[in-house]
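As recorded in Swiss-Prot, the features of this protein are as follows:
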SIGNAL    1-19  signal peptide
DISULFID  Cys49-Cys63  disulfide bond
DISULFID  Cys56-Cys67  disulfide bond
DISULFID  Cys62-Cys72  disulfide bond
Amino acid sequence: MEKLTILLLVAAVLLSIQALNQEKHQRAKINLLSKRKPPAERWWRWGGCMAWFGLCSKDSECCSNSCDVTRCELMPFPPDW
């Protein structure tokens, strides 16, 4: 009975060590991914105009020539929308 108890304790310790290692690995992966910029922030200026979802204050600043208050739109919406 003592051997079974010791075996169960060793198994519990090994499982908890494995769980801790997996948790650390997941945290490291999350930290790596959180350092990357989201796709909208990866766009850059092309030829003096701001690409999609870039910051803007007027239509002429956007490559699509469509500024929606603070961000460039992918394309202008038809006027009848």
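Note: Cβ is positioned from N, Cα and C throughout, glycine not excepted.
As the structure is a computational prediction, the values presented were derived from the model and not from experiment.
All features noted in Swiss-Prot, drawn onto the structure.
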residue : record         : Cβ neighbours (10 Å)
Cys49   : disulfide bond : 15
Cys56   : disulfide bond : 20
Cys62   : disulfide bond : 24
Cys63   : disulfide bond : 18
Cys67   : disulfide bond : 20
Cys72   : disulfide bond : 23
Here the disulfide-bonded residues are Cys56, Cys62, Cys67, Cys72, and the Cα closest to that of Cys49 (disulfide bond) is found at Cys62
Cα-Cα, Cys62 (disulfide bond) versus Cys56 (disulfide bond), nearest Å, comes out at 7
Whole-Å Cα distance, Cys56 (disulfide bond) to Cys72 (disulfide bond), is 6
Whole-number Å distance separating the Cα atoms of Cys63 (disulfide bond) and Cys72 (disulfide bond) is 8
Per DSSP (three-state), Cys72 (disulfide bond) is strand
